[in-house]
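J.: So that we are looking at the same thing, I have put the structure below in structure tokens.
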Amino acid sequence: MLNLSAEQRPRLRQPIVAVLGHVDHGKTTLLDKIRGTVVALKEPGQITQHIGASLVPTDVIEKVTEPLKKIIPTVKLELPGLLFIDTPGHEIFSNLRRRGGAVADLAILVVDLNEGFQPQTYEAVEILKQRRVPFVVAANKIDRIPGWRSYPDQPFLISYRKQSEEVRERLDNKIYEIMGELAKLGFDSERFDRITNFTRQIAIVPISAKTGEGIPELLAVLAGLAQRYMKGRLKYVEGPAKGVIMEVKEEPGYGSTIDTIIYDGIIRQGDTIVVGGIEGPIVTKVRALLVPAPLTEMRATKRFEPVEEVSAAAGVKIVAPGLEKAVAGAPVYVVDSPEKLEELKEQVKREVEEVMIETDKEGVIVKADTLGTLEALVQFLKNRGIPVRMARVGPVTKRDIVEAMTVKSKNKEYGVILAFNVKVLPEAKELAEKEGIKIFQHNVIYRLIEEFEEWLKALREEEKRKVLETLVRPGKIRILPGFVFRRSDPAIVGVEVLGGVIKPKYPLMKEDGSRVGSILQIQDKGQSVPEARAGQQVAISIKGRVMVGRHIHEGDVLYTDVPAEHAKLWLTKFKNELSDDEKFVLQEIIKIKRKQNPLYGVVLPSPSS
């Protein structure tokens, strides 16, 4: 709301609405359609322009939803309208942050009916959950349902009634699929016209952003929800403005500016403001408040026009000195008295520091382009049990590589850098390559985490494989009568593997637990083999002070001599790596060993448990 006198100001502000969803599911088309509707139904001079947002005024909502009055009861609107954030997607949504939640009051989750839930849909739902933002599902592209006949700009319910039984069934099945996906994520949902309680169920509105079908219901559901359940949150506040930076931009003739969404109160030209910056709070004075020049402006060169004041909810460009280090996703507060300045500086500092993590613990290094995306990324990692040592805004620097090296020296798994939508500085890249520090870079959060998790899984498998190769596996063999090829130095005998596994270098013991050398080589049909398993008959050479006929005899049963520490690992960390017959042989080995050492293979509880 821009430049309104006190009498003109309504009692409620417009709800701020964000649009999220998977790539190519129709977010931008939907916003374009909504904007186009406003332009078509308003006199050009009456359109209030915002920076980074589009206002759909109440009179436009009423005109669009007029045909619905014949079908469903509609609410008398007290809201001044709906303020849509122009840039869709969860990167911008992440920046619409405030302490303990989001600046957005409502969200539209756009889902392509024909494709259903996709990776970024799940990511969007997770962010909406994190920020506790109520949302409506726009089930888009109904015009793509085979056999659908389009009725441009009509309410969905009118179009739906004109479709064949078969087409309606196809649509309903697609909606049930979306309901199923939402149920898996813990949400009860239903088609909007079948909902009895909007606080308990998520409304699914079938639409076509292309033809405009269903847009009347979508606007009606959003406005109705906001008015019915959010009046407390939307109360108009006269006090000093609170806002959030969506983008920091260099503008010719103005220098560094911040595109800001004001969600509370009023901001005026000349006000002192405190802004969140990378290096701490920035205190500055508003030189100008800019909004886009009206579309009717004759001189096309004039992109912005100044206004004296702006009140919530609004999108505005703030021009002020010293904004170069301001960071998107950080708060903007108007200082209404000198006494409040220190308090607000402290508040801004706290808010930024809550997101910019710096600890000594082992964990990954996270870099992102804005405070909002950093916060979302850290939350995603925490939800997946991945610890974070440091989280900062900005490019990957040499210092980040040094931090990762410190972590890597203690824990290979987390000595890495996750970089979202930021560059890696040349000297950082050089050091990372030299020190073998892995940098994951992506501009889609879920892909960034996915790539890291895939790498981590492969690393853990490789580490596990290396450890497993050093462990002696349980094995049991019998010396075959009549198959003694050499009695000693080394003894060579034919054996049958009765259970488990034998490999070269494995020590052997008798049934009384006494050691009888170790396996030098295994041969099957004259060929050396790396191992032999249960059921195989092979020739083995045994090195050590062992002679067939004196220390061991034909028909003897021998076991692999599993060291006590190895037995503990087989019983705990690697128990799922043993086959059933190996587990059985291990129990026999434990029984033999405990006659000599009662604590063999005993797993003692750790002090912390």
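We count from 1, first residue shown onward.
A Cβ is built for glycine as well, from the same backbone N, Cα and C atoms used for every other residue.
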J.: Which stretch, out of 46-50, 276-280, 551-555, is listed as region 'G2' by Swiss-Prot?
T.: 46-50
J.: Scan 140-143, 528-531, 592-595 against Swiss-Prot and say which stretch is down as region 'G4'.
T.: 140-143
J.: Per Swiss-Prot, which of 86-89, 118-121, 162-165 is region 'G3'?
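T.: Range annotated as region 'G3' by Swiss-Prot: 86-89.
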J.: May I ask which residues of the same chain, at least 6 positions away in sequence, place their Cβ under 8 angstroms from the Cβ of HIS90 (GTP binding site)?
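T.: Spatial neighbours, sequence-distant, of HIS90 (GTP binding site): LEU20, GLN120, GLU123, ALA124, ILE127, ALA376, ILE445.
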J.: List every residue in the same chain as GLY21 (GTP binding site), at least 6 positions away in sequence, whose Cβ is under 8 Å from its Cβ.
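T.: Spatial neighbours, sequence-distant, of GLY21 (GTP binding site): LYS27, PRO88, GLY89, ILE108, LEU109, VAL110, VAL111, GLN120, THR121, ALA124, ALA138.
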J.: Work out the three-state DSSP category of HIS90 (GTP binding site).
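T.: DSSP call for HIS90 (GTP binding site): helix.
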J.: Per DSSP, what is the residue tally for the region 'G4' (140-143) in helix, strand and coil?
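T.: DSSP classes over the region 'G4' (140-143) add up to 2 helix, 1 strand, 1 coil.
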J.: Relative to the Cβ position of ASP24 (GTP binding site), how many further Cβ atoms are located within 10 Å?
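T.: Cβ-Cβ neighbours of ASP24 (GTP binding site) within 10 Å number 12.
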J.: Through the lens of DSSP with three states only, how would you label ASP24 (GTP binding site)?
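T.: DSSP assigns ASP24 (GTP binding site) to coil.
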